[in-house]
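Heads up, the thing below is written out as structure tokens.
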Amino acid sequence: MAALSPTFATSTQDSTCLQDSEFPVSSKDHSCPQNLDLFVCSGLEPHTPSVGSQESVTFQDVAVDFTEKEWPLLDSSQRKLYKDVMLENYSNLTSLGYQVGKPSLISHLEQEEEPRTEERGAHQGACADWETPSKTKWSLLMEDIFGKETPSGVTMERAGLGEKSTEYAHLFEVFGMDPHLTQPMGRHAGKRPYHRRDYGVAFKGRPHLTQHMSMYDGRKMHECHQCQKAFTTSASLTRHRRIHTGEKPYECSDCGKAFNDPSALRSHARTHLKEKPFDCSQCGNAFRTLSALKIHMRVHTGERPYKCDQCGKAYGRSCHLIAHKRTHTGERPYECHDCGKAFQHPSHLKEHVRNHTGEKPYACTQCGKAFRWKSNFNLHKKNHMVEKTYECKECGKSFGDLVSRRKHMRIHIVKKPVECRQCGKTFRNQSILKTHMNSHTGEKPYGCDLCGKAFSASSNLTAHRKIHTQERRYECAACGKVFGDYLSRRRHMSVHLVKKRVECRQCGKAFRNQSTLKTHMRSHTGEKPYECDHCGKAFSIGSNLNVHRRIHTGEKPYECLVCGKAFSDHSSLRSHVKTHRGEKLFVSSVWKRLQ
């Protein structure tokens, strides 16, 4: 909703300044300023006061009040509109330079509390003209916004409102009003009821008035030069610029943490309060504010009121929707000052900055090892815990998590109808077979644009390119082994997560499952069940037979990421990589990957 402030309403036929004779000054003493030597919304020419001295605008001039009987009649949407208007009015006064002390009403609204009865009626004694028993005060709130009285049906007389009635249609719906009411009524019979100096917003000069009026006609005159985002007020632009500059002028007095917006500081200050009076009836979690409890309840109810207009995806919190929308717009407002890299979310920038600072905020309480990323820390913690193992029923292989076992099960479930005629290997489809055939023919169709090296598989080319870009590697938090991608490291972590429960009675070695122990026992018995069809040579382990067969087929699936040379077995590749040591700084990371 646009920023709303109570303003003077003028007829389209008469937009001139109001005369003093239209405003009889009561002899009673009250706090509403009757005469201000300022520009007002009802006219653009200065007006000279005839009575009294110049007075400043107070919060009472822009406040709307409710009695104890009227407040319960408002529904939640009406109360929300009341809160938004009051907070925005107070913000407008302070941003325009008025020295306005914070009323207790504003303090309660900022704390997500309902205003107390005495605070809602605190302003009623200030202006005798506000006593209107024939209508509710929320009608006055709508008069502030639209310049008309709603329940009795007052004419829509504000200048330029006729063209914008559709723009404010949703507000009429909120208050159950008919936007086409035209019966002329007012607070004072025979006079324009809204041409009142004691009830409106006044400005020191034309620039302030122009800025204020832009909030009503939808103009956004203040544009950010960095991202071209536009705002209706300069104060909003100033707050937005802090995202780019990193300025955080609002500091917490308790812990020293700084923020770029006062509302963020207020939310943070509540974390220091020990009292959490709002309890969740379903899970027992406690919260400091009622609004926080309401947001939390969406976890249980499944309510997702914030929906994306482009893809229809819904979220339980507005901040999550704002972050999601950046995936459509491509906006990356959070920029790193060290390298210039931009991010869509502040948490992503925070994690990225650790690459420059070397900060490792996640420390293990058991062994003292520190980590830069929370994901690595969580994986490391599992090393200290006894994890349940997930074993494959088909082959007996065990995994540290259910997801890894599910991925492994595809090996047994998926049929492999395509067979290689040279080595007898089977594959799921022709494209995989075609890539495999390159290991027999020696064809290397995937060439590096930077150094000209060629590879038989596209995945090997992708891994090779990381040598040129010095792309960050994925290191195992438990043993330090380095991997070229996240999935490879995740598969490797199952080695550390799975408890070795089966022990060999002859040599004392421990293994993860019975199938691994069974293979190991052949080293003691001398059994060699795997025999080569070409030469009759036998092996105790099936993988050794597979390596041996490559001698007959000529298959060389292991390629060097540095020079592209291929080998039939992994150990030969490891020996070859040692010859590159000293040639390039990146070879050390390649060597680590082969350990």
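Just so it is clear, glycine is given a Cβ too, placed from its N, Cα and C backbone atoms.
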Per Swiss-Prot, the range holding zinc finger, considering 17-39, 63-85, 362-384: 362-384
Segment assigned the feature zinc finger in Swiss-Prot (from 121-143, 144-166, 558-580): 558-580
The annotated zinc finger range in Swiss-Prot, which must be one of 191-213, 306-328: 306-328
Helix-strand-coil residue split for the zinc finger (502-524), DSSP-based: 11 helix, 4 strand, 8 coil
The zinc finger (306-328) in contact with the zinc finger (362-384), cutoff 8 A, at least 3 CB pairs, sep 6+: no
Secondary structure composition of the zinc finger (278-300) [DSSP: H/G/I, E/B, coil]: 11 helix, 4 strand, 8 coil
Rounded mean pLDDT for the residues that make up the zinc finger (222-244): 83
